[in-house]
Every structure is written in C-alpha cells, then in structure tokens.
Amino acid sequence: MSPVHVKKICCIGAGYVGGPTCAVIALKCPHIQVTIVDLNQARVDAWNSKDFALPIYEPGLEEVVRQARGRNLFFSTDVDKGIEEADLIFVSVNTPTKKSGVGAGFAADLNYVELATRRIATVATSSKIVVEKSTVPCRTAESMRTILEANSKPNCRFDILSNPEFLAEGTAIADLFSPDRVLIGSLQSQEGLNACASLKEVYANWVPNERILTVGLWSSELSKLAANAMLAQRISSINALSAICEATGANIDEVAHAIGYDTRIGPKFLKASVGFGGSCFQKDILNLVYLSESLHLPEVAAYWRQVVEMNEHQKKRFSKRVVDTLFNTITGKRIAVLGFAFKADTGDTRESAAITLIKDFQSEKAFVNVYDPQVPHEQIWADLLEASPHLSIESIKKQVNISPSALEACKNAEAVVIATEWKEFKEIDWEAVYAGMNKPAFVFDGRLLIDAEKLRKIGFTVTTIGRPSATLQS
Ligand SMILES: NC(=O)c1ccc[n+]([C@@H]2O[C@H](COP(=O)([O-])OP(=O)(O)OC[C@H]3O[C@@H](n4cnc5c(N)ncnc54)[C@H](O)[C@@H]3O)[C@@H](O)[C@H]2O)c1
Ligand SMILES: O=c1ccn([C@@H]2O[C@H](COP(=O)(O)OP(=O)(O)O[C@H]3O[C@H](CO)[C@@H](O)[C@H](O)[C@H]3O)[C@@H](O)[C@H]2O)c(=O)[nH]1
C-alpha cells in the first residue's frame, strides 16, 4: 500500500481554526476540493455571504476566501455529504473546558470531538484519513480510533493523525502562509506512516519540507498543550516581574529588553499586560493540570496551575491599582475602557481580560463606557451577562454603555483604561480626550501602548503596567 494522493478534504467545524486553515489549504492547493462543514447555519451563511461579511475578523482572510470560494472552497451545513465525499477529514470542532461532571473546570469537553467522530463512522462508506485539528488531551486519538473501528463498515479503514494548529488570532493568515512548523503525529505502523505522508504532501504545496515535522501521535498531541503552556508561562513570568517593577522603580519594558537580548531567552512574548486572554491558553493549561492530576503527578499539576493563578492575580492587581489611584473609590465615577477583544486585530472576546476588569468596576459601582473597533455590541452584552449571571441585562445596561468611538467613550470620564492594544488607541487625539474628561484625568495603560510622557505633558496622570507610580519614578 502506498500513500493516498488527497483529492477531497472535508473540515468539520467552520470556526476560528477550521475556516482560515482550510481556506488557506484551498488557496494553496487548487487541485484539491475543500469543503468546510458546520452545524451552525448562521456561521455557514456568513462564510457564504455575497458581501463577504465573514463570521470572523482576521486580517487577510477575506482576500483568501474571495480567491478560493466557489472555485475549490465550499462552506456547507451538509456534514454527511462532506464526510462521504472526502478522502481526508479534519476534525476542527471546539474543545472547551468542561463546565460540569468529572473534571469540571479543568478537563477538556470532548463531546463535540466524539459526536463528529461518530458521525464520520456512521456516514463513511470508504476509507478515510481522520485528522485531529482540535486541541485535545494526550491519547484522544486512541478513543477516536476505538469509536471509528467499532462502527466502521466492511472495507472501510480509518487512519488517525494528529495535526495541531499553532496559528494565533490576529495573525492567522500570515501564520498559515508561513508557519514556524507544521506538526503531524501518526502511529509508526506502515499505514500510519502512509497517512502521514498523504497529509505531508498537502502541506508541501507551500510549506518547506524542513518545517514539516513528523512525530508519534502522543508526542504531537502533547506538544500542542506544551507549546501553549510554555508561551503562557512566559507571560505570567513577565507579569509577575511587572509587580516587582511597580514596587521598586524598575521598568518592565527595560527588564524585558535586557533579558530578551540573551539568545537563550529571546525577545518574543515578553510584553507585560493586564493578563493573557483568548480561548486557548487558560483552557489548555487547565487541561494539562487535569492530565497531570489524572497521572498522579500533583506537583506537576500545581506547577502549571500557578501560571493561570498568576494571570488571575495580574487582572485583580490591575483593577485594584485603578481603584487605589482614584482615591480608593470609583463608586459613581465614569471609567472608559478602551478595547474589549482579548488582543488586537481580532473580534474574539473569549477570556478577554477586559471582561474581568469591567466586572470588577461594576462591583465597585462605577459607570463604564466601553469601546472596541471590532467586537459586535451583542457580543459585549453576552459576555458581560455571562460574567455576572446574577444580574439582568437591564441592570448591566444601567452601569455599562457601549460607545461608538474612543473619543466618545472618554467624554466626561474620570479615567481611561487601555485593555486591548489596538493601534488606533495610540493615535487618538489625546488633547481632545483630555479636554472632554473630568479632572484630574487619569489614564491606566494595561498594554504598555501609549507614550506616557507625552500624555503627562498634556496633563494626564498616567499609570502604566510594570512601571512605578509617580512617587517612585526617577
Ligand atoms: N482559536 C484559535 O486560535 C485556535 C488555535 C489553535 C487551536 N485551536 C483549537 O482548535 C479547536 C477549534 O477552535 P475554534 O476556535 O475554531 O472553535 P470555534 O468554536 O470557533 O469553532 C468550532 C466550530 O465547530 C462546530 N461544530 C461543533 N461540533 C460540530 C459537529 N459535530 N459537526 C459540525 N460542526 C461542529 C461549531 O458549530 C463551531 O462553529 C479547539 O480545539 C481549539 O482549542 C484554536
Ligand atoms: O507578550 C505577550 C504576548 C501575548 N500576550 C497576550 O496573550 C494572549 C494570547 O495571545 P496570542 O498567543 O498572541 O494569541 P492566541 O490567538 O491566543 O494564540 C495562542 O493560542 C493559540 C491557540 O491554541 C495557539 O495556536 C497560538 O500558537 C498561541 O500563540 C493575548 O491576550 C495577548 O494579549 C501578552 O500579554 N504578552
């Protein structure tokens, strides 16, 4: 038996990963038909919309979809047809943290992966290569294989690969065009290696050979959790140091610059912030904590758990600094929160630090004006309601207002809090902001974004993460 040359790909899950990843595969492999399927009709309709009002905002994505859609890229809710026609199927469904039952709050909820796997087993009448694209706990491929083999039809074989995705939101298209590496894990049997070669051939259409790494299945699954844990750990480390900077007079940007020059440490991912957000870091570390506990490794579990705890501490520390600086009370005061997405260049709000900050300000009885250039208003309301389920949307709206621009958000406010590093916040007319605010006017930079000196000259009192308050500055 030799490797199959893939002609038709189906991707189950048209989300932040399935959509961009398979759109890029379609663009780079015009000879392969790519169908992305999802149960969510509204999402599929948005992918198919005539005016390209795509369901996710990602720089460069629209151009990719414009070139490939209708040529060899299709979006559909007909999951069964997609499965049946394909020779290779990506499973790119969500794997959120479990909310109830065994492992609640830590373990990954694999229900969507299992349902998709069962659907493949039920529908397929020919052999398939099934690729785990979702981030899953180590050895999930084994469960998938058991389900597939127990339900398969005669002459139908399934080979399972792990091919975790490393794209970051906001740079997804650039990351997919030029990935640091593509990782493919397979069983080391001849069939497993053949399946691996088939997927490798797909990526080889644009990814240099030396960047396509092939490893065992379990190493591949664990590498994804490990990469996210190591990245998040760097942020928690720099954030822990930012607290020391604030108390001593050191400057976190200077510290990051100095340590980043050591080639063994490197300069990336050392930006202190109000705390990391996004759908992956917290979820994947908690998943690793759960895995460690299940393996009776409590010290290992405690080590990784601390990365998430430090992140929670950073968010709390920041909101407390706002309250402390505003003369120990923000009751009845108006605070402008600039940015709601978990990072710039995305409309995604999952685990965004802004949600925690606004919740803290609400509980201190402040009024909040929030502005974000990409996040839809309904999403902001849904997130705030989810964060405070004991409140009604009406009572939330009495305290929180969504503003149409940064300038509007800052009008009559006591303080401005920068929660997301959108470039436009750097370029606001800060003189105009100052003129419209109550005095003294405070700015809290949670993203090391603005030129604090320039703002001080205008008249603002500026507090920056990882830098001491005015009394300690020299
Ligand atoms: N978001 C990221 O940046 C990122 C990056 C790397 C890896 N990941 C991982 O990729 C996976 C997907 O993440 P995402 O952000 O794309 O999630 P998402 O929630 O944006 O998309 C998942 C999609 O799968 C669909 N779906 C669920 N079950 C289905 C089924 N049985 N049949 C058809 N469709 C189904 C949902 O309707 C949804 O649209 C997760 O495991 C995540 O951890 C995410
Ligand atoms: O120096 C830094 C870098 C990032 N962040 C924050 O960390 C979070 C995550 O940022 P980033 O990693 O850039 O975005 P994600 O889209 O969450 O991507 C991460 O999670 C994905 C999902 O698993 C992986 O595929 C990516 O490789 C991994 O970077 C965001 O809130 C950032 O603002 C910082 O505070 N300081």
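Cβ atoms here come from the backbone N, Cα and C positions, even for glycine.
TrEMBL annotations:
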BINDING   13-18, Asp38, Arg43, 93-97, 134-135, Glu169, 280-283, Arg350  NAD(+) binding site
BINDING   165-169, 224-228, Arg264, 271-277, 342-343, Arg447  substrate binding site
ACT_SITE  Cys280  active site, nucleophile
DOMAIN    336-452  domain 'UDP-glucose/GDP-mannose dehydrogenase C-terminal'
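A map of TrEMBL features onto the structure.
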residue	record	Cβ contacts under 8 Å, 6 or more apart
Gly13	NAD(+) binding site	Ile36, Asp38, Phe90, Val91, Ser92, Val93, Asn94, Tyr112, Ala116, Lys133, Ser134
Ala168	substrate binding site	Asp175
Leu225	substrate binding site	Thr135, Pro137, Cys138, Asp284, Ile285, Asn287, Leu288, Leu291
Asn228	substrate binding site	Thr135, Cys280, Phe281, Asp284, Ile285
Ala272	substrate binding site	Ile238, Asn239, Leu241, Ser242, Ile252, Asp253, Ala256, Leu448, Ile465, Gly466
Gly275	substrate binding site	Asn239, Asn311, Glu312, Gln314, Lys315, Phe318, Ala353, Thr356
Gln282	NAD(+) binding site	Thr97, Ala232, Phe276, Val308, Asn311, Glu351
Phe342	substrate binding site	Glu169, Phe276, Gly277, Gly278, Asp348, Thr349, Arg350, Glu351, Ser352, Ala353, Ala354, Thr420
CB contacts for Asp38 (NAD(+) binding site) [other CB atoms within 10 A, all chains]: 24
Neighbourhood of ligand 1 - binding-site residues from Tyr16, Thr97, Glu169 with Cβ under 6 Å: Tyr16, Glu169
Sequence-ordered binding-site residues from Asn94, Asn228, Phe342 with Cβ under 6 Å of an atom of ligand 2: Asn228, Phe342
Mapped DSSP class for Thr97 (NAD(+) binding site), helix or strand or coil: strand
Residue with minimal Cβ packing [other Cβ atoms within 10 Å] among the recorded positions Thr97, Cys280: Thr97
Glu169 (NAD(+) binding site) CB neighbourhood, other CB atoms within 10 A: 24
Rounded distance in angstrom between the Cα atoms of Tyr16 (NAD(+) binding site) and Glu165 (substrate binding site): 11
Cβ neighbour count within 10 Å of Asn94 (NAD(+) binding site): 18
Average model confidence [pLDDT] within the domain 'UDP-glucose/GDP-mannose dehydrogenase C-terminal' (336-452): 97
Set of same-chain residues at least 6 away whose C-beta sits under 8 angstroms from Glu165 (substrate binding site): Val17, Thr21, Ser92, Lys133, Thr135, Lys224
Secondary structure of Gln282 (NAD(+) binding site) (DSSP, helix/strand/coil): helix
Tally of residues which DSSP labels helix, strand or coil - the domain 'UDP-glucose/GDP-mannose dehydrogenase C-terminal' (336-452): 46 helix, 19 strand, 52 coil
In three-state DSSP terms, the structure that Glu169 (NAD(+) binding site) belongs to: coil
